[in-house]
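K.L.:
Swiss-Prot feature annotations, pasted as is:
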REGION    16-46  region 'Disordered'
COMPBIAS  18-34  compositional bias 'Low complexity'
REPEAT    32-73  repeat 'ARM 1'
REPEAT    92-131  repeat 'ARM 2'
REPEAT    134-174  repeat 'ARM 3'
REPEAT    192-231  repeat 'ARM 4'
Amino acid sequence: MDPNMNSLLKWSIKAATEEQSSGENNNNNNSGNNAPADPSRGLTPQMLSTLFGGPSEADLMKAAMEALRSDEVDLENKLIAFDNFEQLIESIDNANNLEPLGLWTPLVELLDHKEPDMRRMAAWCIGTAVQNNEKAQDKLIVLNALPKLVSLATADTTPVVRKKAVYAISSAVRNYQPAMDEVTKSLPEGYSRDKIDAGDMDAVDALMDKLRAHKPTFVTCTVDRMLSPSKPTSSSSGEHVVPLRGTRALRVDRARALTMLASGRHAVTGTRLSYEAQAIRPHLIPK
């Protein structure tokens, strides 16, 4: 039986019993001063929703995620859906429903969204869902979401995204050592690799303060576009020459620029750049 329906049944039995008991007491008490019990006492919004056929909170969570993933919903309404979603998962029961509803994977995938506000809200929702919730904290490890959050916290170009990523990391690691160890392994250069006790709040706070103060170093790379998918030709110097059709600026951090040079993969999507990769030329790689 639906838990809300079961609660509704218990409430109705209790209310009927109390009403009968109250009636008997009134018959035995001629003063008639006993106030009737409030019939709505004990009813929850979820029970009323079940009674009147409204959508359950699980239904609302699924509907919000559908809106977030839909190409037909504009950014403004996506952010409204995200705000509603975040409020729903403030309840630990709803946060624990993310897994059976199949919502964890799409939520984590939204950390890669092209819109900064979508990345910000995804990190915010993750931080809310995992707070004081070991089951949800473990799910971030299973989904390999912690390295992504560290990357957002230290390298995203938008400050509010970095801020919410730190919030998510803070919620994920407190009192949960496996998550703390995973974050420690994912920290960029300049951070200690020494083990941090997830139960030591002073040590955790010190790491979070350092992440909040982190200032990414950015470099502008020029990615040359090809006129056609034909193979590049060779110049007299032996260097590959790619037919060009303008350039586009891609603002990335130093580590990501070096990764692009080494792997030939797009810094944002991770897809292979093919011959374009040979034309990536960082104007500056600061040390």
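Cβ from N, Cα, C; glycine included.
Because the structure is a prediction, the values reported are computed rather than measured.
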K.L.:
Are there residues at least 6 beyond the ends of the repeat 'ARM 3' (134-174) whose Cβ is under 8 Å from a Cβ of it, and what are they?
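P.N.:
Cβ under 8 Å, 6 or more out: 95-96, 98-99, 104-105, 108, 111-112, 116, 119-121, 123-124, 126-128, 180, 182-183, 186-188, 198, 201, 204, 208, 211-212, 214, 216, 218, 251-253, 255-256.
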K.L.:
Using DSSP, what is the helix/strand/coil residue split across the repeat 'ARM 2' (92-131)?
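P.N.:
Its residues divide into 29 helix, 0 strand, 11 coil.
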